[in-house]
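Peer 1: Swiss-Prot lists D264 with the feature active site. Feature annotation from Swiss-Prot assigns ATP binding site to N195, L196, S197, E198. Under the heading region 'Ribokinase', Swiss-Prot lists 1-318. Residues or ranges marked as region 'Cytidylyltransferase' by Swiss-Prot: 344-476.
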Amino acid sequence: MKVTLPDFRRAGVLVVGDVMLDRYWYGPTSRISPEAPVPVVKVDTIEERPGGAANVAMNIASLGAVARLVGLTGIDDAARALICKLSEVRVRCDFVSVPTHPTITKLRVLSRNQQLIRLDFEEGFDGVDPTPIFERIQLALPQIGALVLSDYAKGALNSVQPMIQLARKANVPVLIDPKGSDFERYRGATLLTPNLSEFEAVVGRCKNEEELVNRGMQLVADFELSALLVTRSEQGMTLLQLGKPPLHLPTQAKEVFDVTGAGDTVIGVLAAALAAGNSLEESCFLANAAAGVVVGKLGTSTVSPIELENAIRGRAETGFGVMDEQQLKIAVAQARQRGEKVVMTNGIFDILHAGHVSYLANARKLGDRLIVAVNSDASTKRLKGEKRPVNPLEQRMVVLGALEAVDWVVPFEEDTPQRLIADILPDLLVKGGDYKPHEIAGSEEVWAAGGEVKVLNFEDGVSTTNIIQSIKNGRG
């Protein structure tokens, strides 16, 4: 299926559901507590991220779409933290504050990229009057192209049928991430997105693909759904619609670090794509690609348009290929969250030859990700003369980005990449040739940050200058 990204800026989506705050405490562990046989974590980093329905809204906003969020919170620090974090990414919050209940909060303690324990702070919102939520939905319907109901069984969606009816009356598609085995509650929805275990809790264990499809189709008919999307972890996802053959989308995940919030990403991207004008099949394709990206990150995460674009071009995970500096910083930060070692090198790379390819492959072996910073055309002319470069910057970067050894390619305008290196601060700075480490641009900054600097040899007798001269001699 060939799919291009829509203009997400024209999409408006309302998310209604169980909002929560995800807290993360990070730190090293080096000993066992004398009080009990448990590790001692010396916490050095604390993060707060919107979770649950709030993470769905974050995923929608990260694509550039207009995201509105309705949910139940307490009147406490967690609610204020949620509003602050969501406003930073332009999610429009319209929470119903319940003074008698705390905002749902989940605290995770992690060390060396491993989750050690999760602590939940919640009472749920059962018994809370849903009328204010109905009123907020009614007001938002004229301005949205899709309604997402994100159900974590915490109380915000206890009265879900009136919400479905309001949306269907306004001809707005209703997408639901369900919870529990009572799918009767979701009758008449446009689409349900259960994972495989949630699906089998309703229809029973499926022995094979045929059984899954048949039982899924029956579920669509029984509950008057327009479609059902079953997310199946490493087996991808399957879209079922009456009167149409099943659409199976294989997983695009290359590495799985954390599945936290992956379902939020799927329904968020799917809703944004539908609201932007994509078909259901195209929207599922994009959601599947986004899921392949987000499981390669640690914790509840979102997907940017550049990451999604790279994923549907076949380069998933954190986003690969040619990037600007801001995109590169995001990609590097995500790589570091996963504990990956980042290597960086630079050059003109005017006519890519065997020496370049060998050098870049050797540089990549020294870490997990390789950044190649490339001199702009103006920078190259200043260094090499008016007749250079032979190949313009765009072509040089595309060729470099196609190499298996290269993860990220970024241009720079200055004569040296010192400023860029100081901004990125790679774990290892590499340069080819006869340099001494202290002569390499950016070496002082990398050392000061605790990184390494290394010189690699180029293949003897192979250079761009020699190739150009040989071409000239051949023409002579």
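Quick reminder: no glycine exception, Cβ is built from N, Cα and C everywhere.
Keep in mind that what you see is a predicted model, and the values were worked out from it rather than measured.
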Peer 1: When DSSP is mapped onto helix/strand/coil, what comes out for D264 (active site)?
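Peer 2: Where D264 (active site) sits, the three-state DSSP reduction gives helix.
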Peer 1: Between the Cα atoms of N195 (ATP binding site) and the residue listed as 'active site', what distance do you get, rounded to the nearest Å?
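Peer 2: That comes out at 11 Å between the alpha carbons.
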Peer 1: Helix, strand or coil: which one is L196 (ATP binding site) in, per DSSP?
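Peer 2: DSSP assigns L196 (ATP binding site) to helix.
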Peer 1: Report the member of N195, S197 (the binding-site residues) whose C-beta atom has the most other C-beta atoms within 10 angstroms.
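Peer 2: Per the Cβ count, the most surrounded site is N195.
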Peer 1: Cα-Cα separation of S197 (ATP binding site) and D264 (active site), in Å?
Peer 2: 16
Peer 1: Please report how many Å separate the Cα atom of D264 (active site) from that of E198 (ATP binding site), as a whole number.
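Peer 2: Answer for this pair: 15 Å between alpha carbons.
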Peer 1: For the recorded ATP site formed by N195, L196, S197, E198, which further same-chain residues have Cβ atoms within 8 Å of the site's Cβ center?
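Peer 2: Apart from the listed residues, the neighbours are P194, F199, E200, A201, V230, T231, R232.
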Peer 1: State which of the following recorded positions has the fewest other Cβ atoms within 10 Å around its Cβ: E198, D264.
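Peer 2: Sparsest of the recorded positions E198, D264 by Cβ contacts within 10 Å: E198.
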